[in-house]
Amino acid sequence: MDLAHARELRPTAWIAALSPQRRHLYLALLMTAIGSVVMAFALPRIDFHADEAIYLTRVPVNTGKDSGLVFHAAYLSTGGGALTPLSARWTSLLLGCVLIFSTTRVVQLLVPSRAQLAGVLIPLSMVISYQGIFTILRVRPEISWVAVASLACWCLAELRTKDSWLFRGLLILSLLLLPMNHLLSLFPAFFLGCYLILFARTRLGNVFTGIAVSAMGVGLILNHAVRTWMVDGQLHFLPALGGGSEGQRLGLGSFLKNVYWHSPLFLKDAAVNDNLWSSMNPFEADFATSHCFVATMIWAIALPLPLVMRTWESRFVASIPLATLGLFYASGYFNPTYSPILTIYAVAIYGFMVVNRSYWVGNRAIAAAILVVTILNGGSFLATRVLNHGPATFFEVEALLREKIAALPPETVISVPERFQSAMGDRAQKHVLFKGDLPEDIDIIVLDNYDFEMYRFVPDYDKRQQQIATFASNAKQLEDLALPVYQGEKLFPQTAENTPLKTVQGSWFFRNSVNYTVSILENSAEQKQLASRKPNSIEHR
């Protein structure tokens, strides 16, 4: 009987033999892996936006403030020499896994007595959330510095409990890499520097703290110097920190209204099918609560959190959402896409409070309720906006255009929609429709009819629209693809049978139409010249 009982336990015996610290580590890895599977399934089911295409063009090294060496290296290393929108999305997911795992480990190490609960709760509240999907499954520079910052926080949490040269070295490396990103990475660098000086110095020592803080300054200088040397062949060590990133400063009331009201409206994910909140809303559809609004309110609720913290160290950490809001106001600059990042941070603090028995039960109950809300919000978002339809057709069209454009002679002058810039490959000249006048020697236009609605905000819109219309009236149509935005479209099904130009009010996150048409038009005046360059350079399928 004892032998049989021993055999029954054998498959799990190795788990029991592990130390609690190892079990907690493996639990964090397991939950991160499970979360990555969920996000991988959602990854192709979110349409590729023009903003993502813009940042995708930043991946080759440049000196812009919205990119950096870490951003360049991360996306180039996973592109395998042929960077595509899908490969870039996978890179974002890998960086997101670093964020999920590091954040989970931080909370586990801060509350080791409830590490198993934290190991499940933190990944769940990040993966099944609007803010997690928005931040991780997009090709944007934020995920790069957020992942590096979370790695630094994990190292600091490890060094709270034990002195390890491994984590000391990893901390120095992450602090060096942090400023090698979007200029906004200076915000977390500032907070980490303050934390090191105010709280970590007594544990790490004055010399190491000085090295750690200096590493961020060195990283900032190297990020500028190396990129200018790679682009221009010159060395410039001091980047300009002001300039284009500073916007017009609003009054405090107008600023707060912009952050907590207008920004969620800008990012609302409207669709014909109700989400969880609109199904419970007794008011008209115009007042329906969006997933973005709920997520933004979670950040807003976190602003007074320092008042309920128990130590000065925890008060400092909990004050970062409020301090970041102050930095945005002082700089006169705020982008709605930054709100989900602050919400992720706030949710991590709520998770810390939930698993920490030292906090008053009422505060823990409120924090638990907020975590329930964020998981319900994320579940509603995934169920009604992401997983209820097939993959976006953009990726299929982009691959087709990439193949066709690669077959054209290198001297062919092509203009493409902003979203499809990646289809141009490594061509020296990349002309983008509506972002400039058509070249006089234009040979081929790839036209997305939805752009006529999307780019009404650009200067000289009427002029550029007329240029395109004039070209199209005399051009030969080589390809005409009428497609739904998503396979098995279920966001706006009531308009699916209408004209492809029919639009429905949607959001920045989703294209506002059910159908769109991509056309390839060839300049008829240049047709013979193109044929002489390379016969059958592009054929109708």
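From the backbone N, Cα and C atoms, a Cβ is placed for every residue, glycine too.
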TrEMBL annotation of transmembrane segment - which of the ranges 118-137, 138-157 it falls on: 118-137
Residues from the same chain, set at least six apart from the ends of the transmembrane segment (90-111), whose C-beta lies under 8 A from its own: 24-25, 28-29, 31-32, 35-36, 39-40, 43, 74-75, 78-79, 118-119, 122-123, 126-127, 132, 135-140, 143-144, 146-147, 150-151, 153-154, 157-158, 160-161, 344, 348, 351-352, 355-356
Chain residues in Cβ proximity to the transmembrane segment (365-384) (below 8 Å; excluding those fewer than six residues from its ends, i.e. six or more beyond): 42, 121, 124-125, 127-133, 269, 271, 273-277, 291, 294-295, 298, 301, 343, 347, 350-351, 353-354, 359
Stretch contact, the transmembrane segment (171-198) with the transmembrane segment (287-309), Cβ-Cβ under 8 Å, 3+ pairs: no
